[in-house]
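Peer 1: Sharing the record's features from Swiss-Prot:
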- 1-22: region 'Disordered' (REGION)
- 1-10: compositional bias 'Polar residues' (COMPBIAS)
- 1-57: topological domain 'Lumenal' (TOPO_DOM)
- 58-78: transmembrane segment (TRANSMEM)
- 79-99: topological domain 'Cytoplasmic' (TOPO_DOM)
- 100-120: transmembrane segment (TRANSMEM)
- 121-133: topological domain 'Lumenal' (TOPO_DOM)
- 125-235: region 'VTT domain' (REGION)
- 134-156: transmembrane segment (TRANSMEM)
- 157-213: topological domain 'Cytoplasmic' (TOPO_DOM)
- 214-233: transmembrane segment (TRANSMEM)
- 234-248: topological domain 'Lumenal' (TOPO_DOM)
- 249-269: transmembrane segment (TRANSMEM)
- 270-383: topological domain 'Cytoplasmic' (TOPO_DOM)
- 345-383: region 'Disordered' (REGION)
- 353-362: compositional bias 'Acidic residues' (COMPBIAS)
- 370-383: compositional bias 'Polar residues' (COMPBIAS)
Amino acid sequence: MPRLPSSSDPFQGHNELPQSNNFMSRTNSIIQDKLFLVRNVGQQTLDWYQSQPLWKRTLLQVLFVFNAIVVVLIMIFHKSIIQAIVVISDKWHGLKFGQGLLFTLVFMVGFPPLLGFSALSMLAGMVYGFVHGWILLACASISGSFCSFLVFRYLLHSRAERLMNSNKKFRAFSEILREDSSLFILVLLRLCPLPYSLSNGALAAIPELPATTYFLASLITSPKLMIHIFVGHKLKELGDDTKGKSTHLIDILSIIITGAAASLTTYIIYNKMQRKLEFYHQRGIIPRDDAIIFGNFEDIESANNVELNSADYDEDNFIIEDEDDENATDPDYVASKKNIQVHAEDQNKNGEFEIDENDGVDDLGLGEISKNSKQNTNGYRDY
């Protein structure tokens, strides 16, 4: 006969309670970690802002106000702005050399320090649609990034090294590629949210990275350009008055979902690269501190400095070892030392040389220093 559950049953819910507690604890831990990360980023940003000079803080404030005004204007006049974009894209599409012009612009922004790759990518989607726009953008970006890589590898190598050393992320990822320049690692790196043109120049400074591997990685990661094409294509459709509000709402949601998915994907890939970098640190392949790689010139006058005495070196710059402590118990060494002392005293009596007890030099080889000596040495004269 089945037993009915009761409040006195000690086994009721025995398995469910620990599982529930474990799930809640893990969820709470994840939430706390994310909140700590957000607070940490905010505090780091604030500390960085306060460490800047007055003119730079003023410039940042002006840029922040300008961006806020632009956002407000877009929210108010978004319909007129989208319609203007549609008109411009239609005129561009009607140009005889429109495709060549867009190809040239995308090709050129592959060379650092030029910017504007994202805007041109969305423009390709607005003007030429999803499929045609992606083909044009992929060809221009792959060829532009590869040519930029070759130019900075063979003609502007010193400039490429400066670009790599100017960014902490570039330095970290370059150390990974120096140890493992496989195609898989480079593909993950190309999917990370790094500046497009700057990464082309910085990666050229890594001699272990083959040009063919770089070209293949750019080719394999070209489908990610569909995100920019899709967003640009949907932005143009928002300006089409023939479509209903429900269609516009779907377009807006699709843009938001696409952007969120792309951000999440790049965030996950970036975290994977950070964990791989940490793995290299744990194995000791890559030094954890940049000061180990590039040198640390701070605290030159710290207490860790070793104070050397010139009397500790002979004329050939070899350190004179102190053997007194090691051979103090050796009978042969003690007898030999006594003979040297007696011989030196006999020579002194005969006037062959004169011993100065205040010059800080152990003339007899006894390892004892005069109390009035200002030098601390175990060296002796060689006659």
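Keep in mind that glycine also has a Cβ here, set from the backbone N, Cα and C atoms.
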Peer 1: Can you give me the average pLDDT across the topological domain 'Cytoplasmic' (79-99), rounded to a whole number?
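Peer 2: Averaged over the topological domain 'Cytoplasmic' (79-99), the predicted model reaches a pLDDT of 84.
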Peer 1: Give the residue counts of the topological domain 'Cytoplasmic' (79-99) per reduced DSSP state, in the order helix, strand, coil.
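Peer 2: Its residues fall into 18 helix, 0 strand, 3 coil.
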Peer 1: Which residues of the same chain, at least 6 past either end of the transmembrane segment (214-233), have a Cβ under 8 Å from a Cβ in it?
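Peer 2: Residues 118, 121-126, 129-130, 133-134, 137-138, 141-142, 145-146, 149, 183, 186-187, 189-191, 203, 254-255, 258-259, 262.
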Peer 1: Over the span of the region 'VTT domain' (125-235), count residues by DSSP class, listing helix, strand and coil in order.
Peer 2: 91 helix, 0 strand, 20 coil
Peer 1: By Cβ distance under 8 Å, which residues at least 6 away from the ends of the transmembrane segment (58-78) in the same chain are close to it?
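Peer 2: For the transmembrane segment (58-78), the sequence-distant neighbours (Cβ-Cβ under 8 Å, at least 6 residues beyond its ends) are 49, 52.
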